[in-house]
Amino acid sequence: MELPVTMPDSGDRKKVSYTIETRNLSYALPSLYDEFSLIFCCKNPKRPQKFIIKDVNCEARPGEITAIAGPSGAGKTTLLEILSGKISPTKVTGQVLVNGHPVNAKCFRRLSGYVTQEDALFPLLTVEETLMYSALLRLQGGKKEAANRVGVLIKELGLEQVAGSRVGGGSNRGISGGERRRVSIGVELVHDPAVILIDEPTSGLDSASALHVISLLQVMVAHQGKTIVLTIHQPGFRILELFDRLVLLSNGCVLHNGPLKYLEERIKFSGLQIPPHINVLEFAIDVTGSIVIQTSGTPNIHFHLKDHGEKKESLRKDDEGFTISNHNDMVKKCPSYSNSYIEEILILGGRFCKNIFRTKQLFATRIIQALVAGFILGSIFMNVDNNLGQVALQTRLGFFAFSLTFLLSSMTEGLPIFLQERRIFMRETSRGAYRVSSYVVANTFVFLPFLLMVGLLYTVPVYWLVGLRQNMDGFLYFAMVVWMVVLMSNSFTACFSALVPNFIMGTSIIAGLMGSFFLFSGYFLSKEKIPSYWIFMHYLSLFKYPFECFLINEYGGKGGKRCLESERGECKLFAIDFLRQQDLKESQKWSNLAVMLCFILGYRVLCYLILWCRCYRTRN
């Protein structure tokens, strides 16, 4: 496919360019021994740290593609994460400089674009929709400005033929791997960043797709003067020729930093001979142990002088069409959020709706599940109240308990979807696309009508088939309680999806807590028989309050004079007396709904705090 060579017209305004430089940069992961020593205040001497990168000195200039290469475990991704601000400068030694000044990580994350190795995209959105939502969240000017930018970007990326196709991924078939990779790059290009950082852009791609992606980046460098830094494992000859600068790492140390044409001279200087039919980088990676390590303390003068000449040439190129920004300019240009709070909620809400209605497992299955469960339960417990006696009463209580078990457990199926969204959420918020609170509020409001529909589809058949109170106010109250129950379950799942690291731990924790809530609900043991040291679980139970609401709705109010047990034609237990036995009052009919609302809001607030802490740790 022929690559586009036309770029968006920037007018007479000069674009700001950035030079990234590292000086004696080192980063080591703390060992478990050090963490335990810190916790227990041990004074034993520290063990030697294992450095992932050590004393790295390198540079990335405007108008160039800088490739970070090396064998597996060399520290390529770690170095890129430090440059992107994903790893905070406070956790590393040495300096990261942007145009000669210490980097402001918060501003730099918003001004740059960082593409991770794994494509974090919504599989059910089309290519155009994916780029459009990213543009709406990152650009000012509304839909018209976003649509213009997306139209230009689709042409630049060569995605015109698949613009209306869904991205896909996993079990969802969609566009090819190379096209998906270009979409990931496009998501980070919508705000036209001057610096682009990409982790393994060719990973998992065939040679043609890999060349297409790198050629696209080379066109951007040539026409827009962007600073592009990428990591790569073992590129082919044609890809290698597109790199302007190479940083070769081995065991966290720099073996070469400079133009590719000087790497061959460095290899020969080390007394090695490159065999025919093998490219320079591939051979250099194979013999990394024999190449002299390049450090700032003992530089190779021969290569230093040549590199200095290249730097002058690069600066002359900057003077032709791009301006070098200083630190104060970067802070001034550091963008705030592109949209207002309400606009963010509307944009995110629209994206949530599309994902919900296009997710068959979440939408169609839950609707069918609610209808089928309502009819089956209704047919099983049909008109059980026509009979009097203790058995009939226990059967009705069992129906209420099983209904709550079904409703609360069925909503936890959304856990994998929440976890998938969290990856995208972390990427977008780390780049300053929107506020954490906007995401939580939008997620909450979008599920309100959807879960109301699910609750009504369950309530309509089951209420009348079972033969509960035959009046409309009882039906409406029952439907409201069901709606509140599924909202509680959804908020509970959202909260723990923000907390747990993976699906397996999430299902284990949620299932364990749901079982505990059911145990302490008051159905198996009354509140008086629960040990005092476990009584707090009774009040935290998600089963307790809706279960009591069902009982009050059925046996309270106008139905309080119903006879539940009789002997020889004489009533032994009226409905109102049964509620007194359960220590329930008519006033709790609404106070319990208020408590359930507090649970919904409380879990959402807790979800917000957990996500905010995650984002804060990422930013700092």
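Using the three backbone atoms N, Cα and C, a Cβ is placed for every residue, glycine included.
Here's what TrEMBL has on this protein:
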{"type": "DOMAIN", "residues": "20-276", "note": "domain 'ABC transporter'"}
{"type": "TRANSMEM", "residues": "363-382", "note": "transmembrane segment"}
{"type": "TRANSMEM", "residues": "397-419", "note": "transmembrane segment"}
{"type": "TRANSMEM", "residues": "440-464", "note": "transmembrane segment"}
{"type": "TRANSMEM", "residues": "476-496", "note": "transmembrane segment"}
{"type": "TRANSMEM", "residues": "503-525", "note": "transmembrane segment"}
{"type": "TRANSMEM", "residues": "593-613", "note": "transmembrane segment"}
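Long-range contacts of the transmembrane segment (593-613) within the same chain: residues 422, 425, 436-437, 439-440, 444, 480-481, 484-485, 487-488, 491-492, 494-495, 498-499, 542, 545-546, 549, each at least 6 residues beyond the stretch ends and with a Cβ under 8 Å from a Cβ of the stretch. Listed as Cβ neighbours of the transmembrane segment (440-464) (distance under 8 Å, sequence separation of 6 or more from its ends, same chain) are residues 344-346, 348-349, 352-353, 356, 363, 366-367, 370-371, 373-375, 377-378, 403, 407, 411, 475, 478-479, 482-483, 485-487, 490-491, 494, 604, 607-608, 611.
Taken as a whole, the domain 'ABC transporter' (20-276) shows an average pLDDT of 82 in this prediction.
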